[in-house]
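Asks: Can you read through this structure? Questions will come right after.
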Amino acid sequence: MAMKTKLYHKLQSTTTKNPQWNTLLRELANKSLFTNALSVYLQMLRSGAFPNAFTFPFALKSCAAVSLPTTGKQLHCHIIKTGCLLEPFVQTSLISMYCKCSLIDNARKVFDENPQSRKLTVCYNALLSGYALNSRVKDAVVLFCEMRELGVEINGVTMLGLVPVCGVPGNLGLGMCVHSFCVKFGLDMDSSIGNCLLTMYVKTGEIDCGRKLFNENPRKGLITWNAMINGYAQNGLANNVLELYEEMESKGVCPDPLTLVGVLSSCAHLGALSVGRKVERKMEDFGFGSNPFLNNALINMYARCGNLTKARDIFDGMPVKSVVSWTAIIGGYGMHGQGEVAVELFDEMIRSRIRPDGTAFLSVLSACSHAGLTNKGLNYFGVMERKYGLRPGAEHYSCMVDLLGRAGRLKEARELIESMQVKPDGALWGALLGACKIHRNVELAELAFERVIELEPTNTGYYVLFSNVYTEAGNLEGILRVRTMMRERKLKKDPGCSYVESKERVHLFFAGDRNHPQTNEIYKKLDELENLVKDLDGSKKNDHERREEYLDSMGVHSEKLAVAFSLLNTKKETEIVIIKNLRICRDCHLFIKLVSKIVYRQFVVRDATRFHHFKNGFCSCKEYW
């Protein structure tokens with residue numbers, strides 16, 4: 001406010017001479033006071049002063065920043081009337097304005113109508129960046145080739161405009177050609193271009209190429225570290241994120257909010273609660289405590305690491321809550337099986353006049369599915385398009401199939417698939433397949449499996465899920481048929497693994513793992529627990545109930561090893577949080593339930609779909625999972 005007042009007084013004392021108006025316009029535009037800058041431009045015209053070539057770049061920049069295409073066209077007319085159109089920086093600003101207002105064809109027309117543009121690198125660069133901004137890949141490449149053919153100088157700004165179009169999946173070949181060009185002409189030594197190339201590789205999934213560039217960079221700035229950290233995070237390589245962040249800290253590089261968002265997302269993925277807490281403390285130390293993006297990431301991290309109370313405290317303490325904030329906390333309650341609370345929060349968000357987006361609806365639909373709130377979920381799905389004009393995507397339909405399927409309404413789930421306005425994907429048929437497993441509908445499961453492997457033939461999870469359908473039905477012939485299919489296609493089941501944190505260190509266990517330093521003690525403890533569970537259960541478990549664990553030929557499931565390890569290494573009052581990469585099986589679910597009663601401890605298990613809170617022989621999922 002003080003800045004605006006100061007500039008206002010400056011305006012009041014300004015004469016009608018162009019230099020003073022232009023100086024004021026420049027100050028306002030550079031301080032991102034774009035609306036004020038346009039108001040000053042109008043006052044300039046009313047005062048009788050005439051704009052010149054130094055006026056228009058700042059007016060056009062302000063117009064582009066607040067996306068006012070009509071005003072931009074009016075400025076274009078003023079430029080023509082004042083005879084400033086041939087000025088290089090006016091041309092460049094005009095092209096950029098049209099590009100940023102998504103009027104790319106107008107930008108091209110400005111470029112084509114001025115022969116001088118074809119000789120100026122700045123004009124080419126402006127249009128090239130515009131093509132990249134508007135995802136016009138082919139046009140960008142053709143324009144770059146035209147520059148080379150005409151002998152127009154290519155500089156670092158040119159490459160910064162071209163490289164981003166190569167970061168789209170499927171454009172890796174083009175990106176490698178651009179990279180070669182940069183190396184040939186020494187442009188890759190520019191740190192901005194190097195960072196841009198690194199980002200291109202990680203966006204296309206070529207994380208090793210990105211890491212190679214990172215390692216070869218002798219002058220790594222914060223932007224370089226962020227590009228690599230967030231590249232790992234976007235590709236699901238959470239362990240690499242935490243390792244690189246530790247290295248970054250050891251070299252004395254100070255993080256910024258972008259760094260910490262990437263680290264928090266990885267903490268959420270791994271369940272690395274202690275690292276997440278350190279990041280929260282660092283936020284306070286660096287004055288990032290009020291950053292809304294970081295607070296949203298903190299809500300997600302604490303919720304996914306099992307501490308829903310802390311997630312809610314952060315949410316409640318936010319002075320301004322965006323739809324992302326609401327979605328994070330709603331999703332957290334949904335994952336923990338507290339669908340009723342998630343629904344209350346969603347309704348409160350609506351009352352607060354926060355308009356839900358597709359992601360918010362996905363969170364509340366998922367919460368309804370996990371809690372068995374079938375009618376509530378159907379109601380939300382109905383108002384999504386009818387009231388908010390949001391067309392459901394495949395992910396929303398998958399949620400609805402899961403919702404209906406878990407409730408045993410398999411016929412309705414299949415009818416919904418047949419009536420869909422979008423093409424069914426693998427996840428949708430997979431949701432139906434999962435529902436068939438729960439309700440032991442072998443016939444419909446066979447149809448769902450046939451569809452899902454057409455779409456995702458190498459996804460081993462669906463083969464295992466289908467095998468479990470046959471397991472539940474006691475159909476050994478079916479199990480062998482699925483295994484033969486996997487063997488013929490050279491597919492291997494993803495190994496089950498579980499993470500557990502102890503003394504600020506994450507311990508990883510695989511199914512049948514014998515590599516941990518405490519292996520002997522862990523298996524001894526597990527044997528004791530198995531015997532106690534057998535006595536408490538009061539009956540010999542039939543082979544059918546344990547078949548999932550024995551038939552996979554992997555030995556003891558990872559979550560059982562994590563339970564035994566945790567009991568050996570934590571105090572009696574400590575809550576034990578375990579993160580598992582696959583869905584927990586019935587045998588392990590029953591095992592942990594009974595162990596919680598035997599040892600008087602609370603276990604929180606996050607599997608591939610949701611949280612299970614075990615206490616005194618009960619689970620929060622109420623067997624609805």
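Numbering starts at 1 and runs along the chain as displayed.
Placement of Cβ uses the backbone N, Cα and C atoms for every residue, glycine included.
TrEMBL annotations: computationally assigned, not manually curated.
When I checked TrEMBL for this same protein, it listed these features:
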DOMAIN    549-625  domain 'DYW'
REPEAT    120-154  repeat 'PPR'
REPEAT    221-255  repeat 'PPR'
REPEAT    322-356  repeat 'PPR'
Asks: Which sequence-distant residues neighbour the repeat 'PPR' (120-154)? Criterion: at least 6 residues beyond either end, Cβ under 8 Å.
Replies: 88-89, 91-93, 95-96, 98-100, 102, 104, 107-108, 111, 114, 160-162, 164-165, 168, 171, 174, 185
Asks: Where else in the chain does the repeat 'PPR' (221-255) make close Cβ contacts, counting only residues six or more beyond its ends and a cut-off under 8 Å?
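Replies: For the repeat 'PPR' (221-255), the list is 191, 194-195, 198-199, 201-203, 205, 207, 210-211, 214, 261-263, 265-267, 269-270, 272, 275, 282, 286.
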Asks: Could you put numbers on the helix, strand and coil content of the repeat 'PPR' (120-154), residue by residue per DSSP?
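Replies: Grouping H, G, I as helix and E, B as strand yields 27 helix, 0 strand, 8 coil.
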Asks: Averaged over the repeat 'PPR' (221-255), what pLDDT does the prediction give?
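Replies: The answer is 94, the mean pLDDT of the model over that range.
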Asks: Could you tell me how many residues in the domain 'DYW' (549-625) are helical, how many are strand and how many are coil under DSSP?
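Replies: Residue counts in helix, strand and coil order: 28 helix, 16 strand, 33 coil.
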Asks: Counting by DSSP secondary structure, give me helix, strand and coil numbers for the repeat 'PPR' (221-255).
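Replies: For the repeat 'PPR' (221-255), the helix, strand and coil counts are 26 helix, 0 strand, 9 coil.
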Asks: Per DSSP, what is the residue tally for the repeat 'PPR' (322-356) in helix, strand and coil?
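Replies: Per-class counts: 26 helix, 0 strand, 9 coil.
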